[in-house]
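S.K.: Take a look at the following structure, please.
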Amino acid sequence: MRVVLKLGTSVLTAGTDRLHRPRLVDLIRGLAAVREAGHEAVLVSSGAVLAGWETLGFPPRDRTVAEKQVLAAVGQSRLMHTYAQLADLYGMNVAQVLLTADDFRNRTRYLNARTTLEGCLSRGVLPIINENDAVAVEQIKVGDNDTLSAFVANLVEADLLVILTDAPGLYTADPRLDPHATLIPEVARVTPEIWALAGGAGSHRGTGGMHTKIQAAEIATRAGTPVVIAPGDAPDALSRVVAGEALGTRFHASGSRLEARKRWILAEITTGRVHLDDGAAQAVRERGGSLLPAGIHRVDGTFGRGQTISLLAPDGSEVGRGLSRYASVDLARIAGHHSREIEGLLGFTYGPEAVHRDDLIRL
Ligand SMILES: Nc1ncnc2c1ncn2[C@@H]1O[C@H](COP(=O)(O)OP(=O)(O)O)[C@@H](O)[C@H]1O
Ligand SMILES: N[C@@H](CCC(=O)OP(=O)(O)O)C(=O)O
């Protein structure tokens with residue numbers, strides 16, 4: 001399984017004012033155990049602002065945006081330093097990937113982020129993601145790491161998103177305020193009734209409370225990824241959730257991953273068209289196979305890397321649509337050539353396919 005784990009500030013501090021090292025050791029050990037069991041893991045971690053506060057001593061409350069950005073800039077490197085040291089104990093290498101909303105909106109950046117994350121996973125490196133708080137202002141922010149973790153789950157097409165927090169799961173009301181609140185173990189679909197359960201902004205250090213977690217659950221489950229909100233202080237929480245144990249609240253996937261991908265590909269109307277030879281048109285139409293540059297004999301229109309293009313058979317009929325791995329100028333230069341010539345022709349390569357089969361839909 002490919003698992004995205006989101007750790008909120010509330011989990012990293014374990015109820016204190018600082019990064020709680022023993023808690024971090026437990027969490028990293030949990031990640032190592034899940035990887036040992038053969039799963040892939042991506043970590044989305046908050047805690048930069050908190051770590052900045054720990055270092056510089058000025059609390060984030062009532063600070064200006066610029067001051068919070070300083071806290072995040074200082075704290076992010078501290079946070080990564082701590083993670084790198086702990087991961088080292090378990091023989092893991094870590095990578096830092098800082099993202100903002102633009103990285104999900106802009107296709108080129110989206111694809112580049114995806115390529116980097118896939119590259120990390122294929123090399124056994126643990127990617128640790130946070131919002132790029134130091135440069136992102138409100139308008140271009142995702143804004144909270146629950147939502148960010150759902151975007152990341154979609155980006156890497158995760159099989160499971162686990163959000164660990166300081167509550168035992170989703171309750172019928174905020175358990176801090178209502179002693180009679182009870183745990184909801186399963187959510188088949190995020191309905192208005194579920195939305196109504198989210199209280200206010202959560203703990204004094206966290207962002208968003210249950211509201212953003214429900215939002216994350218809705219985004220991820222619609223795209224085919226189940227989500228579990230579980231208590232960060234439960235022993236071996238991650239391994240237990242990954243093993244399917246009923247811990248916290250499980251949100252079932254409501255959509256399919258394929259449908260989500262199709263929507264993404266079809267959502268963009270472009271003028272980019274490539275004309276295929278008979279063999280390539282047949283490969284796409286009949287097998288949904290990748291399109292190699294060798295099968296393209298003409299490129300029409302201007303498009304960037306990662307944009308949707310139409311694939312046309314020699315008779316002009318549209319056989320498919322997909323995301324181009326190359327910009328139109330580059331694709332025109334490698335059209336008709338064998339993939340091993342790409343690097344010689346362009347001086348770089350984004351891989352042997354013009355459109356990878358994972359990014360292609362047949363029409
Ligand atoms: N229905 C609910 N069920 C559980 N927790 C809730 C609910 N409504 C609000 N909360 C609050 O959300 C908090 C978790 O959010 P937050 O403090 O932002 O955590 P994190 O730092 O992990 O993102 C809980 O401590 C709890 O007080
Ligand atoms: N990006 C910020 C955290 C934002 C956030 O969503 O926090 P939390 O609700 O604790 O997961 C940071 O690293 O401080």
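Cβ coordinates are placed from backbone N, Cα and C, and glycine is handled just like the others.
Not measured: the values here are computed from a predicted model.
Below are the features listed in TrEMBL for this protein:
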BINDING   Lys6, Thr165, Asp166, Thr207, Gly208, Gly209, Met210, His211, Thr212, Lys213  ATP binding site
BINDING   Ser46, Asp133, Asn145  substrate binding site
DOMAIN    272-355  domain 'PUA'
S.K.: With Ser46 (substrate binding site) as the reference Cα, tell me which of the binding-site residues Lys6, Asp166, Met210, Thr212 is the closest one.
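M.R.: With Cα distances computed to Ser46 (substrate binding site), the winner among Lys6, Asp166, Met210, Thr212 is Lys6.
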S.K.: Out of Lys6, Met210, Thr212, which binding-site residues lie by ligand 2, with a C-beta less than 6 Å from some atom of it?
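M.R.: Those binding-site residues that pass the cut-off are none, since no Cβ is under 6 Å from ligand 2.
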S.K.: Taking the residues the record says bind substrate (Ser46, Asp133, Asn145), how far apart in Å are the two Cα atoms that sit farthest from each other?
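M.R.: Across Ser46, Asp133, Asn145, the widest Cα separation comes out at 11 Å.
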S.K.: By the count of other Cβ atoms within 10 Å, pick out the sparsest of the binding-site residues Lys6, Ser46, Asp133, Asp166, Thr212.
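M.R.: Minimum Cβ neighbour count within 10 Å, taken over the binding-site residues Lys6, Ser46, Asp133, Asp166, Thr212, occurs at Asp166.
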S.K.: So how many of the residues in the domain 'PUA' (272-355) end up helix, strand or coil by DSSP?
M.R.: 28 helix, 22 strand, 34 coil
S.K.: How big is the gap, in Å, between the Cα of Asp133 (substrate binding site) and that of Asp166 (ATP binding site), rounded to a whole number?
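M.R.: On Cα coordinates alone, these residues lie 23 Å apart.
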S.K.: If H, G and I count as helix, E and B as strand, and all else as coil, what does DSSP give for Asp133 (substrate binding site)?
M.R.: coil
S.K.: Tell me the coarse DSSP state (helix, strand, coil) of Lys6 (ATP binding site).
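M.R.: Its secondary structure by DSSP: strand.
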S.K.: Would you identify the secondary structure of Asp166 (ATP binding site) according to DSSP, in three states?
M.R.: coil
S.K.: Between the Cα atoms of Asn145 (substrate binding site) and Lys6 (ATP binding site), find the distance and write it as a whole number of Å.
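M.R.: Taking the Cα atoms only, Asn145 (substrate binding site) lies 8 Å from Lys6 (ATP binding site).
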S.K.: Go through the binding-site residues Lys6, Asn145, Asp166, Met210, Thr212 and pull out the ones with a Cβ less than 6 angstroms from some atom of ligand 1.
M.R.: Asp166, Met210
